[in-house]
Amino acid sequence: MLRPEQMSKVSVAGSRSVMEPVIETVHGMNLVHLSDYDGSWEGFDNGDPIEGSEQASEKLVTVRALESILDIENDDAGPSRIVTREEIDDELPGIREDVNALDDRRDEIRDELRTVDERIGSIEPFVDLGIELDLLGGYDSLEVRIGQGNVDEIEAALDDEESVDAYETFTGDDVVAVFAHPADGAEHVIDDALVGVEFSTYEVPESDRAPEEFLAELREQKRELQAQRDQIQTEIDELREEVGGFLLAAEEKLSIDVQRSEAPLQFATSKRAFIAEGWIPTDRYDEFESELRDAVGDSLEIEELVVAEYDDHGHATHAEEVDHDDEESATAQPDEEEAPPKAATDGGHSTGSAAAAGGGVAMMNDAPPVVQDNPDITEPFEMLVNTVSRPSYSELDPTVLVFLTFPFAFGFMIGDIGYGILYGVMGYALLRYDSMAMQAMGAIAIWSGVFTVLFGYLYDDVFGVHMSDVGINLPLAGIISKGLDEAYVAYVDLWLVVAVLFGIAMLSAGWIIGFVNDLNHGVKEAALENLSWVVALNGFFAWVFSMHLADAKPDFLVGENAALVDPGLPILPAITGLPEIVGLAGLGLFVVGLVGIGLGEGLLGLVEVFANLFGHTLSFLRIPAVLLAKGGMAFAVNVLVFGQYIDDGTEMFGLPTEDLSTMETGFVGLLHIDAVPFLLVLPIAILVFAVGHFFVLLLGITSAGIQMVRLEYVEFFQKFYEGGGERYEPFGYDRNHTTQD
C-alpha cells in the first residue's frame, strides 16, 4: 500500500525474423514499459523503424488534420469497428478531397465576407454624409478631404491657413467633408492646415452610385455570402456525421501502426538479432511469457532479469535469484541465425555498466517505473502527491497519509453541514468531466465535504446557525464548539493545543517514513538523520506539557486551568499536565535528539533545529486560525441577516423561532428593520444570506484547502519526500474506436 507495485526487468531476444510478431504481441498486451537502448553494447545499434512507418505517420497527420477541419470529437465515433490498412488506403483520399474542397470553399467565403465587411465599414460614413460619391473628388481647383474630427477645430485651422482662399464643410453623424480652394500656386492646403488637428482621413470608395445604394448592394452581397457559408457548414456537418466514426477509428489504427513500427528505435539490434528490455509488474511475468510463447513459440529467449528491490536510488537491484530454465536458449536457433545469449549477442559485449540479473545481464541500467499501489478510495489523492512529483520507486508513497489527514483537517477547519453538502455537490459536478485531474479534484472535494458535514454535525452548525437554536436537537450534535460563543471560549485554547499535538504527530510520521526510506543507507545513518528529530521533537514537547516549571508556562498548557482540563469540555478527561518526571525525561530525550542530529547532519542540522522543531510545529496553528476566521465570517453574515440579540447574557441570532420581544437588541438584522416593509426587505435579506455564505464557501476552499496543502507539502513532505519517479507507460494502446484486427 505504501510501496509502489513491484516491477521486474524482462528481456526478449531473438532473430529479426520474429521481431514484428513479437512487437505486435507485446503491444497487444499493453504491459511492458520499454527501456531505451543506450548504445552501450558493442555490435548493437538502435533499430530502424519497420517498413511503412513513414507512410503511416503521414496518413496519421492527414487524418488528424481532417478531424481538426471537421471539428470531430469522441462523441462522433459511433460503435467500435474494424478498420484495415486497405480500407484506409481506399477511403482516405476521397474523404481528404471532399474535406479540402469544402474547407477551401469555406475559406474563400470567409475572405469574401471579410472584404465585404471592410467595404461596408468604409461606405457607412459617406451614407451619413449624404453626398454622392462622385462629387467627393476629381476636381482641378478644389481639394477634398473626408474624415473624422472636431468641426470647430477643423474650421478654425482652415481660417488660420493663408493658403486657403475659401472652404466649405459638410457633416454627418461621425464624418466631416472639407472642400477647400487653394490660393494661387498652393498645394495640399487642407493637409497643411490640419497638421495640428486630430483628423482621421477616410478613403473615398470608387463608385459613381449613391452611398445608400452602394451600401444596400454590399449588404445584400453579405447576406448571399452568409447563406453560402451556412450551406457549406451544413455540408461539413453532414460529412462529419458520415465520416467521423471512420476517421476516429483510422486515427486509432494508424496510431497503433506508428507505435508498433517505431518500437525498434528502443531495441538493441544487430544484422540478424534483436534484444528488447522493459519493465512489467512482477506478478504478471508468467502471463507475459505465456502470451509470447503462444504467439511466437520457442524461437525466443525470454528472461526475467531483475526483480527490483526498493533501494535508496530506485535503481533495479537483485532481490532474489530469478530461476528460469534456459532450455529455450538452446532450441530452435539455427546456426545461420545468431541466438542472443544472456550476456552478449552477435559477439557483442557491454561497454558500459549493467545491472546484475538472475543469470543474465540487463543491457539498460534504468530505474523501474512507478505504479502507485493504493486502495481505490485513496487514488484521487495521488493527484495531490504527484503535483509535487511522482514518488520514486525506492520511497514510501504518502498518498494514504494525505488521504487520512487532508480531508480530516479541512473538515475540522470549515465544520459546517451546509458548506459540506455544497462541497460534495461541487465535487460530484467535477466527477462528470472527462479529465482525470478534474475527477480527482471532484473526489477530493467530496471527501472534504463528508468530513465538513461530520464536524459540522459535532459543532451543531448549518451555515453558521446552531440546529439546536431552531429546535433540532440530535444526539452528539454540539458536543464540541468552534469557540466563537462566549460560553465556549475555552475551546479556542483547546484547539491551539490540539493543533500542536496534530503537528507533532504529522512531523513524527514524516521523519519515521524518512527513516524507512533511508534504511538502505544503514540503520545507524537512517536513525541519526531521522529518528533523532523524532526524539528531540517529542522530548521537548513532553517537557512543554509537563508540570515541570509549571508556573513559568501559560495557564492553558498545564495546571488547573489547562485546556485539557477545563470543566466546560466534558468530552475530555481532566489532564492538568504530564508528571514532572516525564518532563525531565523529555528534556533528556531532547538533548539526546540534539546529539543525534549533530552526529547525523552536523552543524547545519543543529542550525535547523529551531525551524524544524518549533517553526514547523507551530505552523499547524494555522488550522485553528482558519477555523475561527471562517466561523467568524459565517457569524458576521448571519448577524447582518438575522441580527444579534441578548437573552439573560447569552448572545443569539434573531431567528424566526425566537421571541425577540423579551430580548435586548445588540444589532438589528435586515429581517427586523421596522421602518421597511417585511416583504420588501425579505428578498434583500435572502440575497445577502446567499451571497455572503457563497463567498465564505469559496474562501473556505482558498484558505482551508491551501493552508492544508501547504502543511502537507512543506511541513510534512520535507521530512522524507524526494519524488522523481518515472510514470509507468506500457507499450500499447487503449482502444476506444476499433476492435482487434
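Note: Cβ is positioned from N, Cα and C throughout, glycine not excepted.
Unlike curated entries, TrEMBL annotations are predicted automatically.
Listed in TrEMBL:
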{"type": "COILED", "residues": "215-242", "note": "coiled coil"}
{"type": "COMPBIAS", "residues": "322-338", "note": "compositional bias 'Acidic residues'"}
{"type": "COMPBIAS", "residues": "343-356", "note": "compositional bias 'Low complexity'"}
{"type": "REGION", "residues": "318-358", "note": "region 'Disordered'"}
{"type": "TRANSMEM", "residues": "400-425", "note": "transmembrane segment"}
{"type": "TRANSMEM", "residues": "437-459", "note": "transmembrane segment"}
{"type": "TRANSMEM", "residues": "494-519", "note": "transmembrane segment"}
{"type": "TRANSMEM", "residues": "531-550", "note": "transmembrane segment"}
{"type": "TRANSMEM", "residues": "581-614", "note": "transmembrane segment"}
{"type": "TRANSMEM", "residues": "626-646", "note": "transmembrane segment"}
{"type": "TRANSMEM", "residues": "678-701", "note": "transmembrane segment"}
Long-range Cβ neighbours of the coiled coil (215-242) (under 8 Å; 6 or more residues past either end):
69-72, 76, 98-99, 102-103, 105-106, 109-110, 112-113, 116-117, 119-120, 123-124, 127, 209
If we call contact 3 or more Cβ pairs under 8 Å (sequence gap 6 or more), are the transmembrane segment (626-646) and the transmembrane segment (437-459) touching?
no
Take the coiled coil (215-242) and average the pLDDT across it for me.
93
